[in-house]
């Protein structure tokens, strides 16, 4: 998994933050109010109502679970929730909370109606999760004092608070934890027009000059993800300042992204390497994952966790019982003639695919 994480961090079209410097950059561009938050209309509309109702009753907002692919704005929404409620936000992540005492220290320092944001909440340890249950339901925690026969349990009362949990893997949450969230919201990929609005807003904050056509060109290659759109904007801005007097047009954006090896649908070299291997080395598939990994010189986990999800989600790749198969979209993307349906069907089921 270390190598997988390393490759993900090195890709300019990675949906996860590539560095601590990028996280600082993201914070500077983060919208501060729901009115400034672009996209996710359904989730935004729900939160507007729930937040206003909680404020009118002078109560904490119900606990909120935000899930969906990385880079879509879960952390941003957590900050907006706290700001709209007019309370403090304390932020941590599941892997950081190793002991029950770590969580207890956070909870006991919360003020009334504060927001506690736990990123990667699916990675909480079972011990920490057990402490969290009574805190969420009754605003109380039980802690053990002393050791051995002298040990005793002490119940501590907490201030009412709101937990905002974020995860990219909602299926890994335990049922007892999931059931304690009153508000559950899934964040979806953005369309090109929404991303273009985000790019124009970010460009304004960066004092970058961008045409609507330039913003749309960046948006189309951002894989439906605001984090990627903002990262590409930074690189295109650099290119424009050196090669185009600082003005980002569609042509400038296209030239900059071509230099970065990001093609018109947002594929990078690794995406194309995988798809071209299936097309040219395995006649479009099916091909087993181990054979494919050997053919492109990557680890199996890297293919499954880093490369494949977006290709499958966009319809360029299929997983079948016999292995990976390139779709008609893939043939069209590379300007190739697709095999006729009869040959494709025989290839899918009759050609040995390897392990």
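Along the chain as shown, residues are numbered 1 onward.
From the backbone N, Cα and C atoms, a Cβ is placed for every residue, glycine too.
Site annotation (Swiss-Prot, ligand ATP) includes 29, 30, 71, 74, 75, 76, 137, 138, 139, 180, 190; from 99, 221, 223, 227, the additional listed residue is 227. For residue 137 (ATP binding site), the same-chain residues that are 6 or more apart in sequence and have a Cβ closer than 8 Å to its Cβ are 180. With DSSP classes pooled into helix, strand and coil, the tally for the region 'Small ATPAse domain (RuvB-S)' (191-261) is 51 helix, 4 strand, 16 coil. In this view, the densest Cβ surroundings among the binding-site residues 300, 319, 324 belong to 324, judged by other Cβ atoms lying within 10 Å. Cα-Cα distance from residue 75 (ATP binding site) to residue 324 (DNA binding site): 34 Å (rounded to the nearest whole number).
Counting every protein chain shown, the number of other Cβ atoms lying within 10 Å of the Cβ of residue 190 (ATP binding site) is 24.
When averaged over the region 'Large ATPase domain (RuvB-L)' (4-190), pLDDT in the model lands at 87.
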